[in-house]
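Visitor: Feature annotation from TrEMBL assigns heme binding site to Cys445. For 556-602, 614-660, the entry in TrEMBL reads domain 'LysM'. The transmembrane segment annotation in TrEMBL covers 6-25.
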Amino acid sequence: MTTVFSNAVSWSLGGLAILVFTLRWRDQRSRLPLPPGPKGLPILGNLLDIPADRPWEAYYRWSKEFNSDIIYVNVAGTSIVVLSSFEVIADLLERRGALYSDRPQATMMNELMGWSDFFGFMNHDDRWRRQRKIFHETFHAGAVKQFDPHIQDSTHQLLRHLLKDPHDVMTHFRRFAVALIMETTYGISIETDDDPYVKTAEEALHGLEIACVPGTFLVDSISALKYIPSWFPGADFKRKARYWRNFTHDLRELPFAQTKRDMVTGTAALSFVSLNLGLVAEARGNNGNVMEKDIKETAAASYAAGADTTVSAMSTFALAMLKHPEAQKKAQAELDAVIGHGHLPSLSDAPALPYVSALVKEVLRLENVAPIGLPHRILVEDQYRGYRIPANSIVIGNVWALMHDEDIFPDSKAFKPERFLLDGKLNPDIQDPESAIYGFGRRICPGRHLANSSLWLTMASILATFDLKKAIAEDGSVIEPSYEYSSALVFAPPAIRVLDHTALSSDDASNRGHCMEIEVGDSRSKMFFKASAALLVTALAVSASPALQARQSCSQTYTVVSGDTCSAIEAKTGVSDAQLHSLNPSINSGCTNLGIGQVLCLSTGGSSTGGCTSTYTVVSGDTCSAIEAKTGVSDSALHAANPSINSGCTNLQIGQVLCLTGGSGGSSPPSGGIDGLATYYDPDGGIGACGSVLQNNDFIVALGEGNWDGGAHCGQTVNVQSPPDQSNTIQVTVQDLCPGCQGANGIDLAEGAMAALDSNYKNDGVISVVWSFA
């Protein structure tokens with residue numbers, strides 16, 4: 001007993017000693033000084049010291065005044081720590097990323113307007129980790145190359161718009177930014193400025209810009225105000241929040257729903273959403289629901305992050321070319337020497353164009369689009385260099401200070417692309433602006449590789465196509481454009497307007513005016529028209545959207561994947577080079593214009609395969625036996641219809657489209673008027689919910705994941721007809737399906753919906769649903 005008592009006393013004394021040590025350590029740490037900074041007023045702190053316009057310059061000035069790259073300011077009780085060197089940012093935001101990766105949550109923006117569902121504004125939690133992982137896996141440096149055709153497409157479209165109607169450069173820049181993001185994220189093409197998706201996104205972002213300005217809404221300081229009703233006097237912020245929240249909701253939901261519909265009809269283009277939704281089909285239950293929600297929210301965040309930043313960068317580029325015509329001429333001379341007249345640059349030309357690349361870096365450095373980026377937050381108290389950083393402090397990386405550090409960028413306020421060059425090549429020893437302008441640590445922008453590629457190609461293409469010159473007033477004097485930027489969430493340059501290019505070759509200056517004009521010299525104008533005929537039209541023709549269905553004239557197709565060449569495709573499929581080029585005339589002689597996601601025809605309906613009643617697209621993990629189990633096709637039938645598969649079935653490729661000539665469980669088509677058969681697969685098959693391809697109609701019919709009753713089986717067929725009086729519809733008769741499936745039009749085919757679609761459902765157990773398609 002004495003021993004037990006002694007041990008208990010020893011443990012208690014030991015625990016007490018540890019507690020005393022911990023309390024003393026915490027007390028000592030709490031007594032550490034705060035980082036240096038300007039003295040503030042009681043209660044208000046430094047609220048009146050921080051200017052509303054260009055606050056990053058004030059932070060930088062204080063950093064120099066206090067000789068410290070870490071400063072502290074107190075804004076009405078909120079601690080703000082500003083970091084102004086690469087060293088301190090690396091130490092805290094990167095090496096201590098586990099502590100410094102949270103985001104401050106604003107009541108108006110996050111809670112009332114709904115921006116908390118966008119991963120750029122999320123707390124550093126499991127949901128954020130899931131969504132950032134999804135985004136990174138699609139847009140990392142290697143994977144982003146699959147979107148190069150989208151970047152080229154959007155860039156060429158911008159050039160055509162500028163040439164045709166150069167009245168409002170800002171409109172064209174914004175359309176370019178929106179078109180690229182919508183294409184890469186959702187596979188949705190934007191053709192007009194009044195596109196409903198554009199209007200929705202612009203209204204949502206307009207609200208975000210207002211809500212992000214500190215002090216705009218009192219509810220951000222007194223969060224309890226969020227509980228007052230919207231009709232209450234002075235509660236205008238609640239009504240505004242509800243208005244903007246509707247657009248935030250639509251920004252997240254509408255384009256995502258459109259992509260899902262396009263996937264059902266087989267018209268979905270290669271995009272972030274279509275790629276990742278393919279993974280959802282392999283998940284089951286709640287996990288699949290979580291994945292789809294994560295994909296939807298992550299997709300919406302890409303627009304919020306990329307639209308205004310792209311417009312700001314492009315506008316800064318245009319202003320820089322007006323202000324520094326000598327840099328413009330150097331870049332154009334390099335383009336002419338390397339790619340020559342009659343050609344537009346491609347991303348593959350970048351290594352051979354070091355001055356153009358240096359110019360792009362200097363544009364991004366001099367007036368970076370997000371001078372202080374999105375703030376971080378530390379949830380627990382920390383210490384650094386003998387200073388105390390209070391818990392819940394807002395931590396800002398002053399990007400503007402980094403880009404104007406005279407020790408790194410001498411004469412930092414001058415526009416000098418040459419600073420990034422050494423002996424005519426990019427100097428790897430010079431700090432790259434890309435290391436800072438996209439954020440830091442775990443919160444670095446995961447879309448930076450797409451942004452870099454698109455900005456480089458667009459700026460290079462404009463330089464290769466146009467001369468940018470200052471406008472001429474009626475009296476013949478040069479109009480100096482404004483270089484005053486406005487402070488906001490994104491650093492905004494002044495609006496730019498130009499004159500119609502048709503007036504630029506005239507000596508009459510009476511029609512000229514505004515801030516800027518894009519002059520198209522004879523040589524560059526001719527070069528563009530030649531290039532547009534030889535390249536732009538061709539590029540549009542070969543940048544085909546990845547089809548989920550077999551072409552109507554092909555019995556076998558192949559979907560191009562990353563790393564493919566013509567010889568690689570021929571080796572995979574057993575198709576000869578002559579046959580591949582004959583069936584796919586868009587492929588040039590050097591096979592240099594393949595696009596990831598492009599669907600190639602391998603054989604026509606008159607081939608030995610005998611035609612396909614359906615097709616199957618190979619997914620990760622597939623083997624011949626797995627495909628045969630999913631589809632009900634025998635091994636001999638699979639090999640007979642797809643002679644490119646070797647005897648050991650070791651040459652299957654993800655994305656490869658296989659011909660299926662029927663399943664063992666399928667019923668025979670009734671005679672008369674049947675255009676094709678759709679074979680429905682077990683949801684556990686891994687190719688997505690009982691979906692299939694109708695080759696003859698070039699149309700996908702899918703019923704989503706549902707529960708099958710005892711009367712249905714894997715490989716069951718349904719009859720598909722094109723009514724003679726409705727040539728644009730397909731009538732699908734589905735038998736023996738129990739509730740839970742979704743129609744291709746998004747309608748849940750539960751009992752009630754079935755009865756609503758077909759009044760005879762309860763009588764005969766059969767539902768006829770008509771899908772319309774263009």
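Count begins at 1; order follows the chain as displayed.
In case you wondered, yes, glycine gets a Cβ from its N, Cα and C as well.
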Visitor: I'm checking region-level scores; what's the whole-number mean pLDDT for the domain 'LysM' (556-602)?
Guide: 75
Visitor: Near the residue listed as 'heme binding site', how many other Cβ atoms are within 10 Å of its Cβ?
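Guide: A 10 Å sphere around the Cβ of the residue listed as 'heme binding site' contains 21 other Cβ atoms.
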Visitor: DSSP says what for the domain 'LysM' (614-660): how many helix, strand, coil residues?
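Guide: The breakdown for the domain 'LysM' (614-660) reads 15 helix, 9 strand, 23 coil.
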